[in-house]
Amino acid sequence: MLYHNSGSLSASSATDTLALDQALSLREDGRLKEISANRHGRLLFTALLENFCQLYDSDPSRSRRLFTLICQTLKRIGIVDEEYIDELAGIRSTYQSALHHLITQAREVLFEEDHDKQVPLPIKPYVPERSYEELQVALQRISNSGSSNPSSSQQQNSHNDFTYYTWLHTKHSRYANDFEELQMLGKGGFGAVYRVRNRVDGAEYAMKKIFPTFQQVPYTKIFREIKSLAKLDHPNIVRYYASWLENTSEIVPNVRKPTVSSAKMIQGLESLEISRDDSITIANKEDSFYSDDQSNNDSIVFAADVSGQSDNIYFQKGSSEASESSDTSHDRDSENKYGSSYDDIIENPEDSSVLHTSAIAPLNCFVLYIQMQLCTDDLESYLFRRNSKISFPLSTVDTRIHIHLFRAILHGVVYIHEIAHLIHRDVKPSNIFLAKSLTLDRGSVPLYNYRDDANNALDNYTPKLGDFGLVIDNEGKMLKSVSFSKDLQRVSPMDATQHVGTMSYAAPELLDALASHSNVPVSEAVDTFALGIVLFELLYPFDTTMERASKLRDLRQGVLPDEFIEKHGCESSLILWMTAKDPSKRPMLSDVLKCNLLPSYSEEIHSEKLEVLLSSQSTATDHRYWEEMIEENKRLREENIRLRNELELLKKN
Ligand SMILES: Nc1ncnc2c1ncn2[C@@H]1O[C@H](COP(=O)(O)OP(=O)(O)OP(=O)(O)O)[C@@H](O)[C@H]1O
């Protein structure tokens, strides 16, 4: 009886949960539709207004000014948002042509009715000439068909086939015309990246498609990534080619989302169990669908991944399609010494909680295309392959190679900080791509690819920093009101997947701000911290995912493995310096670049300086940095022992 009762109880609670889920999903659907309709409506209205202004003033610059002034006023009173910005001119013009088409078609119907009633043609119709000609063609067609009935099946069908959205979505697609889509490389929180071939030049590119419909983001923020990418020109930064907007009806690929269990983890973390770093990513609340905050505040929310103890970098990788590729970055071994199948820890495409796109496809307003250099490998995949082949300690040659690699990465980040005046905010191995180069040119390093057991080929690779989705300019930026999602289970799947970084690489000041719900100043030091972690990963091949998680957690506490410090004394100092808890204590990256520990490959070839440096510290030419580092090393080593003891004590308790 008891059993029966509890059984029916659990059955009814399961039904309740299902009903609740359905209700929530219906509410969610309605909300998405409402937002989409609002967006369409505002875009349509601004397109009309622009047209109207052009009629009022034939001088293009004056009419544009007129349009902007009116829109600014309307924005102040909340009628429009940022639909009038220059970046959306192409989209507005599609709305204008769609309207024009709609009017033409309606006129055709009227015209047919008039023709039936023998009403004479209007003497001077108030439509552009082409439309008038279209009317005459229509007249001809009606006469030829011998039918005077406007509701003949043919006519009826043609009217039924037309929808306003069809027109919006099918007009001239530059993407469809010029590119052949070859394969999806992966999905991010904002859209997906595809390998494509340009039909004109025959070359392959990476094409990022961003679907802004789902993010309640100010339009200007949607363009942040391209605006940053467009002004960068450096061998260690992914090359940008072009970007454009198109109206689309394309099905949005499923984007990453945390599962309910990860949402629970996040709630658990509200008490700030910061040590759970390896399973957490930071999401950008400002870009969150549910964010009411339309200001320029950069609010952040922390979200968890689905992989539990493993680091989320192992599930962030995209689709099964992507992992099928043999020559891309996602072709890592599915079975490896990390003890789990890679495929096991990527998101399950069959997961019923994953958003099904067909239901939301009509909601798309437009898609932003970003054409970039195609990179066939990335540092995350490379490290994964390498770690399954070799273990700590690295040979002297390997150490040198990885120091060179680090130096090249550093060059890219220094360029971002010092020349472009930006802060990347999402430096991590999966955002550092590796492009194969034929010769050893500026910024490239010779690297074993670890793809082939028998013969590890040494190829030249250029590390290139990519994914500028979270970049901000470095002039006095603050991340304001760092906040935590109180009820993540109610947050749209897409919202919570708008990662802005992986917790393993997130600077402690961001976590402190999370803990205290306070404002946090963002400086270049957040990138320095992340790079310090990357340097450690480059020099320490972890045996297992667990080992990686625990060593990185220790490093975040200022503790490096003793054997690592013994083997890499100078590098340890540099790592601990770069990952100092206090951001003001971290070095400027341009200073790190000057450090004698990091000679360029060509310098080393010419002077063989590094060999000497690694074997004898006393030959270092720049004594200031060197001595500072040794001092810091001593201090941190003592600190290391103290913290390790504390850690042990805590573990026992
Ligand atoms: N230029 C490129 N060449 C090859 N692959 C790329 C390139 N840019 C991105 N990718 C791959 O496409 C996938 C999606 O990238 P995207 O930048 O959209 O998402 P992400 O970095 O994983 O997440 P998010 O941007 O939400 O933090 C990633 O797996 C990435 O490795």
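Residue 1 is the first one shown; counting continues down the chain.
Including glycine, each Cβ sits where the backbone N, Cα and C put it.
All annotation found in TrEMBL is predicted automatically rather than curated by experts.
Not measured: the values here are computed from a predicted model.
If you draw a 10 Å sphere around the CB of Lys208 (ATP binding site), it holds 25 other CB atoms from the protein chains shown. Residues or ranges marked as ATP binding site in TrEMBL: Lys208.
Residues or ranges marked as coiled coil in TrEMBL: 626-653. Model confidence over the coiled coil (626-653) is summarised by a mean pLDDT of 73.
Among the features that TrEMBL reports, compositional bias 'Basic and acidic residues' is placed at 327-336.
The domain 'Protein kinase' feature in TrEMBL is assigned to 179-601.
Under the heading region 'Disordered', TrEMBL lists 317-343.
In the three-state DSSP reading, Lys208 (ATP binding site) counts as strand.
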